[in-house]
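J.: My structure is below; once you've seen it, I'll send some questions.
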Amino acid sequence: MAVTISIKEKAFVQEGRKNTVLENIELSIAPGEFLTLIGPSGCGKSTLLKIIAGLDSEYDGSVEINGRSVTAPGIQQGFIFQEHRLFPWLTVEQNIAADLNLKDPKVKQKVDELIEIVRLKGSEKAYPRELSGGMSQRVAIARALLREPEVLLLDEPFGALDAFTRKHLQDVLLDIWRKKKTTMILVTHDIDESVYLGNELAILKAKPGKIHKLMPIHLAYPRNRTTPDFQAIRQRVLSEFEKTEDLEYAEGSGI
């Protein structure tokens, strides 16, 4: 397995009160899989992603990537945030290379290959201020892929983009996934996006965050949002998502 996750509990203590964010999370993600995570606000999706990334180690449980325990950030995990977080004083190719020497022929070759993959050929010397939001996010994706991570973690990477750019970048991401065969885990609030991208989909419930439903998406790529099969799966996901909201209301009301 590429990623195995076993979290008994992740909790915060605030003003003497314990707030359990995640509880009894068990996931096994195969190499090359594209898992999408969806759930209501406050269900711990982003917290789970940070735990897998090694950015949060204060929990009861374990995370392994190809048999190695995750205790801190490392080159085996790539992380993409909603904001691109590019360095404004660096060009596109310099941002992708980050702390590696762009004058090294091997580094330059990898950077050039990634620029081609994320469809930014011709913009190598541009600065972030000269890029659109979608272009900036493509630079961030290329930067995360430079060290060839075993798992790419994406925390709502297209959430701040307009609908047209968002759909375009979804196709770019799928193209990268097919070419690089990198295991991907993407957090989203968008049901359409979760069905369009993932070959496996996990729905979380909140308070505390738990896996409500794990669903394989048996649709061939490339996917067409207008087909009856796509719409049927989307409706199933929506129905399960609505159940998590009903559960939250019932538990909060003591029903």
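Just so you know, glycine gets a Cβ as well, placed from its N, Cα and C.
Pasting the relevant annotations from Swiss-Prot:
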- Gly39, Pro40, Ser41, Gly42, Cys43, Gly44, Lys45, Ser46: ATP binding site (BINDING)
- 7-231: domain 'ABC transporter' (DOMAIN)
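Situate these features within the shown structure.
T.: In the three-state DSSP classification, Pro40 (ATP binding site) falls within coil.
Along the domain 'ABC transporter' (7-231), the predicted structure has mean pLDDT 93.
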J.: Over all shown protein chains, what is the count of other CB atoms within 10 A of the CB belonging to Gly42 (ATP binding site)?
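T.: I get 14 for this one.
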J.: Can you give me the residues near the recorded ATP site, meaning same chain, not Gly39, Pro40, Ser41, Gly42, Cys43, Gly44, Lys45, Ser46 themselves, Cβ no more than 8 Å from the center of the site's Cβ atoms?
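T.: Everything else in range on the chain: Leu204, Ala206, Gly209.
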J.: Ranking the binding-site residues Ser41, Cys43, Gly44, Lys45, Ser46 by other Cβ atoms within 10 Å, which is at the bottom?
T.: Ser41
